[in-house]
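To start, the structure itself, in structure tokens.
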Amino acid sequence: MAELEGLEFGKSDFVLLDEVTMEQFMENLKLRFEKGRIYTYIGEVVVSVNPYRQMDIYGKDNIEAYRGRELYENPPHLYAVSDAAYKAMKRRAKDTCIVISGESGAGKTEASKYIMQYIAAITNPSQRAEVESVKNVLLKSNCVLEAFGNAKTNRNDNSSRFGKYMDINFNFNGDPTGGHINNYLLEKSRVVHQQGGERNFHSFYQVNCSLHFCSAHLFYFAFLFDLFAFQTSNNDRSSHKAVLSALEVIGFSKEEITSVYQILATILLLGNMQFESDGESVNIVGQEVVNHISELTATDPESVNKSLLYRTVATGGGEVIEKGHTEQDACFGRDAFAKALYERLFGWIVSRINSIIEVKDYDPVLHGKNTVIGVLDIYGFEIFDNNSFEQFCINYCNEKLQQLFIELILRQEQDEYQREGITWQHIEYFNNQIIVDLVEQAHKGIISILDEACLTVGKVTDTVCLDSMDTKLAQHPHYTSRKLSPTDKSMDFQKHFRIRHYAGDVTYSVEGFLDKNKDLLFQDFKRLMYNSANPVLKEMWPDGHLSITEVTKRPLTAATLFKNSIVALVDKLACKEPYYVRCIKPNEMKSPVLFDDARCQHQVAYLGLLENVRVRRAGFAYRQLYARFLQRYKMTCEYTWPNHLMASDREAVEAIVIQHGFQDDVAYGQTKLFVRTPRSLFTLEQERNHLIPILVTFLQKVWRGTLARARCRRMRAIYAIMGCYKRYKVKAHFWEVERRFANVRTMADYGKSLEWPTPPAALSQFHSITVMWWARQIVKNIPPSDMLEVRAKVAAMTALSGERKDWGVSRAWERDYLANARDCPQTSASFIRISKELKNKDEYSQVLFSSFCRKVNRFNKSTDRGLLITDKYIYKLEPKKQYKVLKKLPLDSVSTHFTGVSVTTGVDQMVALHTSSQDDVLLCLQRGELCPNQDRVGELVGAIVDHFTRSVTEIFFFFVFYPALIYTYVVTRISTINMLL
């Protein structure tokens, strides 16, 4: 178990408070904030307080500490709820979502980034390239969307000015395979106007760092009202580099990135455009701006001019006329065009990212079920000095999310306990359904009244719309205005109305509501962009292909579109298992040490955290259908594994609970088991995780045994077939041999000329023996007097085959040439006499070889000599002195004087006799007088090798072949020759 926090840090879970009161809740929250503990649980809900400083709790070690652990094993952290959502998704194959809520500046965006980082870190342990690519795109998309969708406000330096919901798809292994991003209500009015002290979107300040438009910094941009804020900071420069890198990693091409920054520059230049009127027509001041915009958007300057100064209108009769703008209409059209450009750009970036990361060609049969974790990072509740249409939509969105929280955490919880017959103490809570109905109810809600005003023909102003709201909503308890409350001087007549939200009262200024709701953009701008030569711009404006005479359906208003998207979002979240991160802003000064009690208490109240604690203390942490609970944990009980024999699944579940001793921590409903604390569930999970490897091993053993037995039966059948076939092949071979060699005894060559049939592999050794039968028959008929010559030739062939082409195999070998009168008529008698004397003296029994030779000394001088090789000595003789012995070398197995013979690969008769004293003798054997082409080298080698084959067990000879003066040493093993014989 991981080390938990001490009591000096307060209660890590608000459920553990002694009394559930606002005072104790706030005291514990403040203590933990002051001690640097910014996270606290309410069961599985994480309450996060913005620390306004960097904290060292998000590194790799922290990720490893929370990987695969239960919520209560470690101190509260975002990583814990992220891991809980991931485990629920992976274990139960159920879609989950993490809803991050809180007001602007409470730290929602940072929380979503840490959650994404954690999920990326714990997945894909095998480091598969395609999964890593998906993870990189998902992580880098945060950087890009922050640059184009976030801005500095008076409450938050990095405020999300759009809503983002990201679905991350996982395969059956739990690795991310893709995703999808939905964006909601980009605050595009910020493009043309910001409140004092605030900035435009980050991307406009980063564009000044771009090399594409290095001359843009010479202009004063009217859309960046704060001159100090306009100055590019080091943070903007580093962020710009990060955004460029992220765009490349995601997969944007260089042309697409260039187009993005060209559009940003176009918007900034539109803000610098001024108009002047001469009483009859309106003109643009300075043509340079138009030319620059035309160049950046790849359009015709004249078309840009016409779109900004004229509006093309189709009459009822089909006639097309051009209607010139007033100066005020031209400014309105310019601003609307700039806002639309940025909104289309942002939407295109999101859709481009989706096209890269969306799961394609997913087959559940092949890849298993595709599960999802959703992460919602959406703007928080906002109360400004001047609250307009954007704040109205944002606060409506938060009302819907609060309603979802009430539905899932509070009302559904109590409804389920009542439905299942669980004893339950009812908890009172505020249901904001009445506020949601005030905004979205058909025909009666504020959005319906706004839409009706926009559709009304004639001059309908914001004031007229406010009067209509006052008339229809006068009796609503959560709506008021100065007309309905004349004594409330905090509101102005015909300007303000107030809604009593769950998070507090918000006063809205009705000015601009209708224009923003209509979201009017002249068709001329759409056609201008559609006809651009830039393919990115053309792709952003598909509706520009319609001609002015084509009748189109009136588009839905901005409020209705937003309402529809939020309803779809809530439906999407409602079908997932939710996990909540409730963010709290500790102060308005962005101070890391200041804790504003009143400010925080207000947030705790409207977030419903106290009610959440009460529900959690009275409720159960886990509930599951009996069948599913049994399916997961039945292996932990001997009475339920592998299948129970009880009357119902509930009885089987009771057996599991009793065996583990959890009787006091559970309740039995009609269809579900309710577990009060996560610790009991964790104990079951530990037991299950311990048994799973044992069960898997058992199943593997059984399956492997089945496979082995089947394989054994197959092998036995194979061997039986092979045995029968081998016996058949052996018999067939013998039958063929018998047929071919039936009459070999009567042949002259004993069947040498016959071709043997190819034997089967089993008879290969037998074949090598029987195939020599004819040779043995011939050898038996060789006279004993010729066997010595045959053995010598075999020995010479073994030693010289492949090395010396001609070695005298085709002639008769006489061996003792010095004693042959025919070969040496003048000296043969003298040699015979000397050889007898040496035989008597040295007691040798046989002359192996003798011949005339020419000795060559180290000075290249040659003399005639006689060579006599017996079975005991090698003699060098002097023929001219009656064959006097000049040198004698022992030739026996004990002596080491004679060590080897070297011959050449050519036809010469050179022979080198090697001695251990390295006093080698180099000789050239002389050919016979009657046979001048006689080769005696092979005979000499054969005689020596045959002698040692018969008399020595094992000896090594070095035959040296030196063609072209290159010596090659060949080691011949005499025992090998014996085997060949």
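Numbering starts at 1 and runs along the chain as it is shown here.
Just so you know, glycine gets a Cβ as well, placed from its N, Cα and C.
As annotated in TrEMBL, region 'Actin-binding' covers the listed stretch 566-588 rather than the other ranges in 336-358, 566-588, 704-726. Same-chain residues lying 6 or more positions outside the region 'Actin-binding' (566-588) and placing a CB less than 8 Å from one of its CB atoms are 29, 33, 42, 44-50, 52, 78, 81, 84-85, 88, 94-108, 111, 115, 155, 163, 165, 182, 184, 372, 374, 376, 380, 396-397, 400-401, 403-405, 407-409, 440, 594-596, 599-600, 603-604, 607, 609.
Excluding the listed site residues Gly102, Glu103, Ser104, Gly105, Ala106, Gly107, Lys108, Thr109, the same chain places Asn50, Asn156, Ser159, Gly380, Cys583, Lys585 with Cβ atoms within 8 Å of the centre of the ATP site Cβ atoms.
Remark: Gly105 (ATP binding site) has Asn50, Thr153, Arg155, Asn156, Ser159, Gly380, Lys585, Lys590 as non-local neighbours, by Cβ distance under 8 Å and separation of at least 6 in sequence. Cβ environment of Gly102 (ATP binding site): Ser48, Lys108, Gly380, Phe381, Arg582, Cys583, Ile584, Lys585, Gln603, Leu607 lie under 8 Å away, each six or more residues apart in the same chain. Mapped onto DSSP helix, strand and coil, the region 'Actin-binding' (566-588) counts 9 helix, 8 strand, 6 coil. Around Thr109 (ATP binding site), the same-chain residues at least 6 positions away in sequence with a Cβ under 8 Å from its Cβ are Glu146, Asn150, Asn158, Ser160, Asp377. Residues belonging to the domain 'Myosin motor' (9-689) score a mean pLDDT of 85 in the model.
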